[in-house]
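Student: Before I ask anything, here is the structure I am working with.
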Amino acid sequence: MSSSTVITNIATLVTNSPSLGDGSPLGLIQDAAVVIEGDRVAWTGESSKAPATDNRVDAGGRTVLPGFVDSHSHLVFAGDRTQEFNARMSGRSYTAGGIRTTVAATRAATDEELEANLTRYLAEALRQGTTTFETKSGYGLTVADEARALRIAAAHTDEVTYLGAHIVPPDFADDPAAYVSLVTGEMLDACAPHARWIDVFCEKGAFDGDQARAILTAGKARGLHPRIHANQLSYGPGVQLAVELDAASADHCTHLTDADVDALANGDTVATLLPGAEFSTRAEWPDARRLLDAGVTVALSTDCNPGSSFTSSVPFCIALAVRDMGMTPDEAVWSATAGGAAALRRTDIGRLTPGAYADLIALDAPSHVHLAYRPGVPLVTDVWRRGVRQG
Ligand code: NIG
Ligand code: FE
């Protein structure tokens, strides 16, 4: 039998199980303990009732919560876009066109360079409490470069997304239909074995609703499940298409009509909000309050990429969501943990309940509220992933 460890002296424990805790969505337990057996959570409850275990760790009055589930990132890339960021901060607006700069740098990079970059950003995210991440291709846009990106990503996570439909690359500028045929044909054949998900950037300057439907439907027929970049820069068909195709998540959701919100509220598609993108593009914030009040499940993620959101920090996104998107601290913490798990259709992460993976983090703070209350402060002191203490 694998050895068991109890973490005791936890001031506030976030379980994300209402029934295990105080009945709230976060399922809070004060003066709590968690027992880990192997890579799983075996028990959570009040410290005084903790069962005997082989090992004991004193949390020193910290807060413990599930590790963050970052369900949207673009981490296989080379180069950076400092100049574009500088131009934006001098008044230029963000467009999909900047993606081409990263496509050129990524195509020119070696496998080793891409791998080193990915490893570096993953380590950065892990230090800040991310224990599960999804990541995408989308900066290769040739059969070989997309398949290579997915292969590199798949060595680090199960949550790999084929985003051959990020933009129409310059080499196909005169014939976008031929690019859609490639994405749904030869490129899909090469990429499907390495991915769980298929994604499309459905936006003016990228792919329209009909193209997005064709691409996601082709992916579904190959066993990939859809997710979509939708309604980021303008109103459009992406969100309703996501619900129609039972996409796990519609991501960005910045420009929504009432019909879009109704569709999300009546479907099983999670709305993933990515405040790092609005921060870094000086764009209007998505209205999380409107979505939550309508009963939509909301996830919060980083969108970490060199163009629109170059942050790997979920705590930063929580602080933005609370300050500028109408979320309470409790809602934002739920969305960055259980919400991210829902956006990946996972029930074995994002919660600290018996049987879930022992992915948990400790904060040097008396409660989870400090993640928003103390913005920019590195509160994450300890990370366990699959039951193993990191660092
Ligand atoms: O999610 N919107 C599309 N894709 C990314 C940005 C990619 C880039 O600018 O390099 C996003 O924001
Ligand atoms: Fe994105």
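Each residue, glycine too, has its Cβ placed from N, Cα and C.
Quick paste of what TrEMBL says about this protein:
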type	residues	note
BINDING	HIS72, HIS74, HIS229, ASP303	Fe(3+) binding site
BINDING	HIS72, HIS74, HIS229, ASP303	Zn(2+) binding site
BINDING	ARG81, TYR139, HIS166, GLN232, SER308	4-imidazolone-5-propanoate binding site
BINDING	TYR139, ASN305, GLY307	N-formimidoyl-L-glutamate binding site
DOMAIN	250-368	domain 'Amidohydrolase-related'
Student: Of HIS72, HIS74, ARG81, HIS166, HIS229, the binding-site residues given in the record, which has the fewest other CB atoms within 10 A of its CB?
Tutor: ARG81
Student: So which of HIS72, ARG81, TYR139, listed as binding-site residues, have a Cβ under 6 Å from an atom of ligand 1?
Tutor: none
Student: Between HIS74 (Fe(3+) binding site) and TYR139 (4-imidazolone-5-propanoate binding site), what is the CA-CA distance rounded to a whole number of Å?
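Tutor: About 9 Å separate the Cα atoms of these two residues.
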Student: When you measure from each Cβ to the nearest atom of ligand 2, which of the binding-site residues GLN232, ASP303, SER308 fall under 6 angstroms?
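Tutor: ASP303, in sequence order.
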Student: Taking only C-alpha atoms and a 10 A limit, tell me which of HIS72, HIS229, ASP303, GLY307 are near ARG81 (4-imidazolone-5-propanoate binding site). These are the binding-site residues.
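Tutor: So the list reads GLY307.
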Student: Which chain-mates of GLN232 (4-imidazolone-5-propanoate binding site) that are at least 6 residues away have a CB under 8 A from its CB, listed by sequence?
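Tutor: Non-local contacts for GLN232 (4-imidazolone-5-propanoate binding site): GLU203, ASP251, HIS252, THR254, HIS255, ALA277.
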Student: Within 10 Å of HIS229 (Fe(3+) binding site) by C-alpha distance: pick out those among the binding-site residues HIS166, ASN305, SER308, and say none if nothing qualifies.
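Tutor: Within 10 Å Cα-Cα: HIS166.
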Student: Whole-number Å only: compute the distance from the Cα of GLY307 (N-formimidoyl-L-glutamate binding site) to the Cα of TYR139 (4-imidazolone-5-propanoate binding site).
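Tutor: For GLY307 (N-formimidoyl-L-glutamate binding site) versus TYR139 (4-imidazolone-5-propanoate binding site), the Cα atoms are 11 Å apart.
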Student: Tell me which of the binding-site residues HIS72, ASP303, ASN305 ends up closest to TYR139 (4-imidazolone-5-propanoate binding site) in space, Cα to Cα.
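Tutor: The answer is ASN305.
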Student: Looking only at Cβ atoms, how many others are within 10 Å of the one on ASP303 (Fe(3+) binding site)?
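Tutor: A count of 26.
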